[in-house]
Ligand SMILES: O=c1ccn([C@@H]2O[C@H](COP(=O)(O)OP(=O)(O)O[C@H]3O[C@H](CO)[C@@H](O)[C@H](O)[C@H]3O)[C@@H](O)[C@H]2O)c(=O)[nH]1
Ligand SMILES: [Mn+2]
């Protein structure tokens, strides 16, 4: 039986949270010993055959499998660390007000990042902001900061409209106790039982039309502006203003000391920030944006709790800050907890999640595993930080360069005080960080395209703990890519960013293990070396098949006892994943697609990520943060909902996938010919036939997209042709090398 440890804050006070270990802990631990022994036996066998290889070809083939299987074993070991002590938490937000007076709740600064109005429609960003402004939290304590790295007047315009709409939307939500506080999501369903709902819906749609008009024109015309103040706000967009080169823009859109909603209640602060940009200084993408916000917010409100959100992650539950507080205000945890991470969960995923973008392992399963150790990784959004965590480890504060940025500083001036605004502008300038430790010892860390992973990891290394909070009703809902190319580009960016950490002096296998112990270190290494999957996946996608085409046997016969070992190792690994996945709330089909996407990424995102990383290290190319598009194409959306894989464009990503699909099919067919026509024995070729067959089953969407589809999402003929040529070339190379 699991033991339940309830944490009571003080004598007699009700508990704020509890947690229990996973029931599978013991099974997991026993299984890893058995399974790992089998893996070692397999590697031993490879080593023996390597030593006894008779020809150069067999030597190289064995070496390839030895390397691939060693990498598989390494990745396997890293994931096991997260199976050793998973825990599940529950919190009791309903008890919070009995433990902490509402007036003692800490203030909350919310950061929302956006970077490009054409890839991240301003109306979506507005929805995210409105959903958090409507939190069930004392309004005077909430400040929402929008960081616009796109430096777009269109986004500012949308937010001016949003500020007006908020004065209707916020009281409507609170007075009617609406759960769904993101207007777009709310109005998707019918709400005729609230008389005002219709009126507000019309208002919302009016705002949408206005914003979309401005978007279409690409600029904010004077006719849309009311009053001197609004005109003034856009005066910074002069002719020389571009997204890469522009001054700081900070605009207070709502000021809680004076702006009231239509029922007369004060509203939370809403502040638009676009940090200064110049082509000559590095801006460090989202990490830079967050650091600028950390400083700007410090000068204006300096709330002790900071929530970071991506523009596409709206709040789906108004009590979320209370849940975070259940941990952040617990006196037993308070001084050690650096952040409380909520999982990324998504809206609009299709029934079987064809692109595996729910990332069940990344966002749910592994965080449970981390949570039983020191805490989950930070995933960039939906995370409540203690501001203090950005300034050195729990026992050693690194003071910022000016006292106003100190996490304990109390801001005693109003938001729009000229001195405050002047300082806010100063700390958002692009030279501010020169000769400072921002991004290195302080704030969000620089040097990786996955600033989230890197920063969370470093905070944990510094001695902070973190909490994984996964309430039943999703706290936040975000957008996932709905076409294959977007999905693969996203994982390629992650793969590159993770390699940047893997090969830095902070590598989890060295630095991480030293700082946090082997289990945490390995858990983080699993991600750092993510791109390494490319090697075994590519090997298994091509080598057994090319050997089969040339009649060469690579694996033990079915009657050989070693065959059983192979079966056990493979089924064990796959089976364990399946059990984990399904018991964590997934379905069999989602799991199936998840494993397919793992292979697809291996052949594309991971492989290309690898190449890109090494080209960059050699100084041959550079890489940037390519923002994922959140714009929905209606046709694409329909195909996505029907579960069709979207190719459409010709991209190098699709070539290895298509080549693999062709080679596997050819090998499988040729294997049959050999067995049935030439009377070959299935015994020896069984494993290779099985692998090719498995490849084929996984490639079904690719065959469909090559041959039987006629919609815009099919594989372009050019890609099919190029891939066929590559497949032949591979065959030719194999023929020449394997047959002698
Ligand atoms: O120069 C930049 C680039 C991006 N962003 C913002 O970063 C967020 C994430 O970008 P997105 O294109 O949505 O990337 P995803 O791959 O979907 O994001 C995941 O991966 C990122 C790291 O690669 C993390 O920052 C995110 O939180 C995490 O959800 C968005 O809000 C962007 O507006 C900026 O503010 N400035
Ligand atoms: Mn995103």
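Glycine residues also receive a Cβ, built from the backbone N, Cα and C atoms like all the rest.
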Per TrEMBL, 119, 120 bind UDP-alpha-D-glucose; matching candidate in 69, 149, 190: 149
Per TrEMBL, the range holding transmembrane segment, considering 491-514, 563-586: 563-586
Correct range for transmembrane segment (source TrEMBL, candidates 598-615, 616-633, 634-651): 598-615
Shortest C-alpha distance to residue 119 (UDP-alpha-D-glucose binding site) - which of the recorded positions 286, 310, 452: 310
Three-state secondary structure, residue 310 (Mn(2+) binding site) (per DSSP): strand
Lowest local Cβ density among 119, 286, which the record lists as binding-site residues, within 10 Å: 119
Beyond the flanks of the transmembrane segment (685-707) by at least 6 residues, Cβ under 8 Å: 354, 540-541, 544-545, 547-548, 553-558, 563, 566, 595-596, 599, 644-645, 647, 657-658, 660-661, 664-665, 667-668, 671, 674-675, 713-715, 720
Between residue 310 (Mn(2+) binding site) and residue 120 (UDP-alpha-D-glucose binding site): CA-CA distance (Å): 10
Packing count at residue 149 (UDP-alpha-D-glucose binding site) (other Cβ atoms within 10 Å of its Cβ): 24
10 Å Cα neighbourhood of residue 452 (active site): matching binding-site residues from 149, 286, 310: 286
Paired segments the transmembrane segment (524-543) and the transmembrane segment (26-44) in contact, 3+ CB pairs under 8 A: no
